[in-house]
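As annotated by TrEMBL, GTP binding site applies to Arg14, Lys68, Thr96, Lys157, Arg268, Val269, Arg270. Look at TrEMBL and you will find Cys21, Cys25, Cys28 tagged as [4Fe-4S] cluster 1 binding site. The S-adenosyl-L-methionine binding site annotation in TrEMBL covers Tyr27, Gly72, Ser120. Look at TrEMBL and you will find Cys263, Cys266, Cys280 tagged as [4Fe-4S] cluster 2 binding site. The domain 'Radical SAM core' annotation in TrEMBL covers 5-233.
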Amino acid sequence: MLTDEFGREVTGVRVSLTDRCNFDCVYCHNEGLGDTRGPMDPQDDEMSADDVVRFLEVAAEFDVDAVKFTGGEPMLRQDLEEIIERTPDGMEVSLTTNGTFLPGRAEALVDAGLERVNVSQDALDPEDFAAVTKSGAYEKVLEGVEAALEAGLDPVKLNMVVFEHTAGYVPEMVDHVAANDGLQLQLIEYMPELTGKPEWNVDIERVHDWLAERADEIEHREMHDRRRYWVSDGSSGADDVGSNAAGRGMVEIVDPVENPTFCANCHRVRVTHEGYLKGCLNRNDDLKPMGEMTKPEIRDAFREVVADRVPYYGEYMVRNDDGEWEINEKYLEEYAGA
Ligand SMILES: Nc1nc2c(ncn2[C@@H]2O[C@H](COP(=O)(O)OP(=O)(O)OP(=O)(O)O)[C@@H](O)[C@H]2O)c(=O)[nH]1
Ligand code: SF4
Ligand code: SF4
C-alpha cells in the first residue's frame, strides 16, 4: 500500500470515464475540471477500456481496493459493462451517475460486478429538478433509482448538492430516504471555488445541526471523517436502529470546502477521462499523463503522484493573518510553473 508524506494511505481511485453528459446541472464542476461537454460531442480523447483496465491492474498491485467510476455521465460509455467486468477481483466497484440510463441497464451492470451506485437527485418535484439539472428527465431518474434497487445495488445513495436552490428540500429528501428501503442520502456541500457562484452557498454547519437534532444515531466514516446521521420516519422499531430498512435511513454529509479534517482523511487518487492521474480534486497542476504508458511507467507515475499528494486545505491552502485561504508559499513556485 502506498502512503503519502502526510500519512494518508491510498486505498481508492476515482476514475472519470468521460466528460460528456446529457444534463447541464447549474452546480456541475466535472470532477474539478470545469464544464461538461454535450453527450454527442466527439469522444476521441477518452481513455479506452484497455487503458482503464491497465491502470486498475496497477492500482490493485498497490492494494487499492475500491474504484468509483464517474464522469460527466459514465453511462454514456457503451463499454462500461466491459470495464467493470475486467476490473481486478477484490476491488469494490461503485458508480456515480445521473441515473437516466439505469432503466434497462442496471442488471447488466450488476452482472458485470457493480456493487453500489450514487444517483444525483436534488429534488422530489419535477420542476425543481428541471431548474437544477436543465433536464426534463425527472421520471427517467426515478425509474433509474427503481431499476438500481431492483437489480440489487446496495445501497442506492441519492446525491443532493445543498445550495441556495435546494436547501429548502433537505427535510423532504431526508423523510424520503427514511421511508424507502435501500435508499441513503448524501448531502454534498456546494463548491463555489469550482463553480464560481459564492452567492449560492449555504452554511453546511446549519444542516449538520438540524440533522444532529433529527438523528437517533450519529457515526463517523473514516474516509474524509464524514458524519453519518441515522434518521427514522417514526414507523421503525428499536431493532431497526443502525439498519437501512424501510422507516430508517442514513444521511451522509460531504463537506470538503475549506475543511482540513476532510482533506486529512482523503485516501483517493483520481484519473481524468483523458487518462491524467492526479492527487487532488481541487488541483490540476499535478497531472501525470498516462496516455500510452506501459505498466512499469504507470507504476512509477502512481508512486510519484502519491509522493506529491498534499492535503489541499490545511497544507496546500493555508490561512493568512487575515484568516483568508491562500496558497502555501512553499507550493507557489511549483504552481506558477504548471
Ligand atoms: N473536494 C473533494 N470533494 C469530494 C471528494 N470525494 C467526493 N467529493 C464530492 O462529493 C461528490 C459526490 O461524490 P460521489 O462520487 O457521489 O461519491 P463519494 O461520496 O465520493 O463516494 P462514496 O460515498 O464512497 O460513494 C463529488 O462530486 C464531489 O463534489 C474528495 O475527495 N474531495
Ligand atoms: S449529471 Fe453530474 S456530470 Fe452531468 S451535468 Fe449534472 S453534475 Fe455534471
Ligand atoms: S485533498 Fe481535500 S480537496 Fe483534495 S481530493 Fe482530497 S479531500 Fe478533496
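Cβ from N, Cα, C; glycine included.
What you see is a predicted model, and the numbers here were worked out from it, not measured in a lab.
Candidate binding-site residues: Arg14, Gly72, Val269, Arg270. Not one of them has a Cβ under 6 Å from ligand 1.
Apart from Cys263, Cys266, Cys280, the [4Fe-4S] cluster 2 site neighbourhood in this chain, defined by C-beta within 8 angstroms of the site C-beta centre, holds Arg8, Pro256, Phe262, Gly279, Leu281, Asn282, Arg309, Val310, Pro311, Tyr312, Tyr313. Residue environment of Cys21 ([4Fe-4S] cluster 1 binding site) contains 26 other Cβ atoms, counted within 10 Å of its Cβ in all protein chains. For the pair Lys157 (GTP binding site) and Tyr27 (S-adenosyl-L-methionine binding site), the Cα-Cα distance reads 19 Å. Within the same chain, the residues at least 6 positions away from Cys266 ([4Fe-4S] cluster 2 binding site) whose Cβ sits under 8 Å from its Cβ are Arg8, Met223, His224, Cys280, Pro311, listed in sequence order. Among the binding-site residues listed (Cys28, Cys263, Cys266, Arg268, Cys280), Cys263, Cys266, Cys280 have a CB atom closer than 6 Å to some atom of ligand 3, in sequence order. Each of the binding-site residues Cys25, Cys28, Cys263, Val269, Cys280 was scored by how many other Cβ atoms lie within 10 Å of its Cβ, and the smallest score goes to Cys25.
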